[in-house]
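Novice: Take this structure, written in C-alpha cells, and hold onto it; I'll ask about it next.
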Amino acid sequence: TPESIYPGLNDMGDALEALPLEIIKHFTLLREIDAKCVSTAPKITQLIIEFLKLPLTVTEIREALLSQIRVYIRELMPCLEEKMHVAGIAAESIQRHISRIDYDFDLITDGGEIPDLVRIGPLNHPAIIADTKLPDNKSVHSQRSESRREAIKAKKAAAAAAANAPGSTPSGGPTTNGGGDVNSAVGSSRGSGPNHNSSGYTATDSTKAVVITTSATYDDDVDTEPVYCYCEQVSFGEMVGCDGPNCKREWFHLPCIGLAAPPKGQWFCEEC
C-alpha cells in the first residue's frame with residue numbers, strides 16, 4: 001500500500017492536514033473567551049478616566065469609583081487567565097506539529113522517498129547556475145570558440161601576407177609612402193619607420209624593397225587587433241561565434257548577449 005511504501009510522505013500529509021484544524025479550534029476558543037468579557041474592559045477604562053479627572057478633595061467619590069474598578073477587574077481576571085491557558089496550549093500544539101513535520105521531512109530525505117531531481121530540481125536550472133561560481137577552467141564550448149577565433153585570425157594574417165608577398169599585385173593595400181616607387185618605399189622606411197633607424201637598411205634591388213614593405217605592413221596588422229561583438233571591443237573572456245555566413249561581427253562576448261555559458265548547437269546574432 002502507499003502508506004507502507006511512503007510512510008514519511010503519508011505522515012507529513014496527515015500533519016499538514018491536521019495543523020490548520022488545530023489552529024482554528026484554539027482561535028475559536030479564544031474568541032469565545034473574549035465574548036465573555038467584551039463589555040467589562042471598556043467599563044474599566046471609562047471608570048479609570050473618571051477617577052483621574054476627580055480632584056483629590058472628593059475622597060468618597062474616588063473610593064466609590066475604585067471599588068467599582070476593583071469589582072470589574074475581578075470579573076475580568078478569570079477571562080484573562082483562561083486566555084493565557086488556551087494560548088499556551090495552542091503554542092504547544094503548534095510546536096508538536098512542527099516537530100512532527102520536521103521529523104517526517106528527515107525521514108523522507110534520508111529514506112529516499114523523494115528523488116533529488118524532484119526535491120531539488122534540475123542542477124542546470126538558470127537560477128542555480130546564476131548562484132554558482134563559474135570554474136576557472138574553460139568549458140569545452142569556450143575552448144572550441146577560442147580555437148575558431150584563433151583560426152580566423154591566423155587565416156586573415158595569412159591572407160594579408162599573401163596579398164603583400166613578392167610577385168603579387170595588391171590593390172588598394174597600404175604602402176610605405178603613399179604610392180611611390182620601390183626606391184621611394186625604401187627611403188621612407190629608412191627615414192621614418194617606427195622599427196628601423198636611418199642606417200638599418202641598404203637597398204640594392206627592388207626585391208629587398210618589396211620584402212621590407214611587406215614586413216612593415218604585416219607588423220602593423222599584428223599590432224592592430226580586430227574588434228568584435230556589439231560593444232566593438234577586442235576579444236577577451238569567453239565568446240561565442242555567430243553561425244551566420246556573412247556576419248560582420250563574427251564573435252560576441254557572453255555578457256553582451258546575456259548568456260552565462262556558450263549555447264549548444266548553432267547560434268545566430270540579432271543581425272543574422
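Cβ coordinates come from backbone N, Cα and C, glycine included.
Since this is a predicted model, take the numbers as computed values, not measurements.
As annotated in TrEMBL:
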- C229, C231, H253, C256: Zn(2+) 1 binding site (BINDING)
- C242, C247, C269, C272: Zn(2+) 2 binding site (BINDING)
- 134-153: compositional bias 'Basic and acidic residues' (COMPBIAS)
- 157-174: compositional bias 'Low complexity' (COMPBIAS)
- 185-203: compositional bias 'Polar residues' (COMPBIAS)
- 134-203: region 'Disordered' (REGION)
- Y228: site 'Histone H3K4me3 binding' (SITE)
- M239: site 'Histone H3K4me3 binding' (SITE)
- D243: site 'Histone H3K4me3 binding' (SITE)
- W251: site 'Histone H3K4me3 binding' (SITE)
Novice: By CA distance, which of the recorded positions (D243, C269, C272) lies nearest to C229 (Zn(2+) 1 binding site)?
Specialist: C269
Novice: Using Cα coordinates, what distance in whole Å links C256 (Zn(2+) 1 binding site) and Y228 (site 'Histone H3K4me3 binding')?
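Specialist: On Cα coordinates alone, these residues lie 11 Å apart.
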Novice: Please identify, among the recorded positions Y228, C242, C272, the one with the smallest Cα-Cα distance to H253 (Zn(2+) 1 binding site).
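Specialist: The smallest Cα gap between H253 (Zn(2+) 1 binding site) and any of the recorded positions is with Y228.
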Novice: When you put C272 (Zn(2+) 2 binding site) at the centre and draw a 10 Å sphere around its Cα, which of the recorded positions Y228, C231, D243 have their Cα inside it?
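Specialist: Cα filter at 10 Å returns D243.
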Novice: Whose Cβ, among the recorded sites Y228, W251, has more other Cβ atoms within 10 Å than any of the rest?
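Specialist: Output for this query is Y228.
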Novice: Whose Cβ lies within 8 Å of the mean position of the Cβ atoms of C229, C231, H253, C256, the Zn(2+) 1 site, other than those residues?
Specialist: Y228, Y230, E232, Q233, F252, P255, I257
Novice: What is the separation, in Å, between the Cα atoms of C269 (Zn(2+) 2 binding site) and W251 (site 'Histone H3K4me3 binding')?
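Specialist: Between the Cα atoms of C269 (Zn(2+) 2 binding site) and W251 (site 'Histone H3K4me3 binding'), the distance comes to 9 Å.
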Novice: Quick one: of C231, C242, which of the binding-site residues has the smallest count of other CB atoms within 10 A?
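Specialist: Checked C231, C242; of these binding-site residues, fewest Cβ neighbours within 10 Å: C231.
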Novice: What is the nearest of the recorded positions Y228, C231, W251 to D243 (site 'Histone H3K4me3 binding'), using the Cα of each?
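Specialist: Checking each of Y228, C231, W251 against D243 (site 'Histone H3K4me3 binding'), the shortest Cα distance is to W251.
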Novice: Spatially speaking, which of the recorded positions Y228, C231, C247, W251 is closest to M239 (site 'Histone H3K4me3 binding')? Use C-alpha to C-alpha, please.
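Specialist: Given the candidates Y228, C231, C247, W251, the nearest one is W251.
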Novice: Quick check: with C242, C247, C269, C272 left out, which same-chain residues have Cβ atoms within 8 Å of the centroid of the Zn(2+) 2 site Cβ atoms?
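Specialist: Apart from the listed residues, the neighbours are D243, G244, R249, E250, F252, F268, E270, E271.
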Novice: Using a 10 Å radius around each Cβ and all protein chains in view, which of these binding-site residues has the most neighbours: C229, C272?
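Specialist: Top count of Cβ atoms within 10 Å goes to C229.
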Novice: Can you tell me the CA-to-CA distance separating Y228 (site 'Histone H3K4me3 binding') and W251 (site 'Histone H3K4me3 binding'), as a whole number of Å?
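Specialist: Here the two Cα atoms lie 6 Å apart.
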Novice: In angstrom units, rounded to an integer, how far apart are the Cα atoms of W251 (site 'Histone H3K4me3 binding') and C231 (Zn(2+) 1 binding site)?
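Specialist: One finds 11 Å between the Cα atoms of these residues.
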